[in-house]
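TrEMBL annotations:
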type: DOMAIN; residues: 25-288; note: domain 'NADH:quinone oxidoreductase/Mrp antiporter transmembrane'
type: DOMAIN; residues: 290-340; note: domain 'NADH dehydrogenase subunit 2 C-terminal'
type: TRANSMEM; residues: 6-39; note: transmembrane segment
type: TRANSMEM; residues: 60-80; note: transmembrane segment
type: TRANSMEM; residues: 92-115; note: transmembrane segment
type: TRANSMEM; residues: 153-171; note: transmembrane segment
type: TRANSMEM; residues: 178-196; note: transmembrane segment
type: TRANSMEM; residues: 202-222; note: transmembrane segment
type: TRANSMEM; residues: 234-255; note: transmembrane segment
type: TRANSMEM; residues: 275-294; note: transmembrane segment
type: TRANSMEM; residues: 322-343; note: transmembrane segment
Amino acid sequence: MNPHALFIISSSLIAGTITTLLSFHWLLAWIGLEINTLAIIPLMTKNPHPRAIEAATKYFLTQATASAMILFSSTLNAWFSGEWAINNLSHPLAIMTLTIALTMKLGLAPFHFWLPEVLQGLTLQTGLILSTWQKLAPMALLLQLSPSLNLELMMLIGITSTILGGWGGINQTQLRKILAFSSIAHLGWMITIMKFAPNLSLFNFVIYLLMTSALFITFISLSSKKMTDLASSWTKTPVLTTLTMLVLLSLAGLPPLSGFMPKWFIAQEMINQNLLMFTSIILLSTLLSLFFYLRLTYIMTLTLAPNSSTSMMIWRNSNKTVSAILITLALALIPLSPTLITLTS
């Protein structure tokens, strides 16, 4: 891609997200979301493959539908309340429509069907942007709206996302689809607790971004797109493979890794709110996700591909700094968890 075009696209992505994050007016927030959507489409179609074109089309149609719903709900709320402020949402229909629109943008169940298919049609680099950066603006709007959100709707979307996110990833062999279902399940945890403790949702979101970024960058450096590609990673990069296995276990929420603390705090808060049945369901649904994370770790560390390389190292040089920082944060943030929760409060 032309460097000037890439600079304009990257600047638009950053500007769109920052516009939404800093806006207090619904129209400005909507404009920021639209800039974000339009800026990533050229990155999706950078390789003119039919699968990439199909992914970009699905993404555009879904995001356009969600944006129209956001504009409708904010206009409806302004009609009844006379205000366009983001944190002043009072009409029940506007709240429900806006919640559905933002969850559609994030790819939460039952509006998640576009996310695995779109992610599968993209390169790993663009998939990293879609799975991390593109979720910042909708999540920020949901966090601002958390006092006004409908509790029953949020719990329904959250529980459904954790179950379908775990169930959908079990039978997958494509890494990008597995990461898509992993994203759905993790966002379900955040949505479930958002009404009671927005700071826990934000804390979980930060940990999710770190772990997902670490995995994507690892798969990019290993040039892995399928499960079978990981089978030969041990002979080429044993250290990176071991660390990747730990990041996968951190995503699964196993102690003493970073991914354990958000789930622990969320389950504790739900028990404090006397939501014992919902807590049991969401914890049991995590076992579904644990299965495909363990499946990936098994393939990476305990199997050997029949055509494995005799070389012990990947020959091409690559920058290890970003990978090292992200993997360290994805694994070793447990001691800082109480401090991070205090900072996000």
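Backbone N, Cα and C atoms are what each Cβ position is placed from, and that goes for glycine too.
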**Asked** Which of 6-39, 92-115, 153-171, 234-255, 275-294 has the most Cβ pairs closer than 8 Å to the transmembrane segment (202-222)?
**Response** 234-255
**Candidates 6-39, 92-115, 234-255, 275-294; stretch with most C-beta pairs under 8 Å toward the transmembrane segment (60-80)** = 92-115
**Fill in**
The recorded stretch from 6-39, 92-115, 234-255, 275-294 sharing the largest number of CB pairs under 8 A with the transmembrane segment (153-171) is 275-294
**Asked** Looking only at residues six or more beyond either end of the transmembrane segment (92-115), which have a C-beta under 8 A from one in the stretch?
**Response** 33, 58-59, 62-63, 65-67, 69-70, 72-74, 76-77, 80, 135, 138-139, 141-142, 145, 148-150, 153-154, 157-158, 160-161, 163-165, 180, 183-184, 187-188, 191
**Item:** Averaged pLDDT score, the domain 'NADH dehydrogenase subunit 2 C-terminal' (290-340)
**Value:** 71
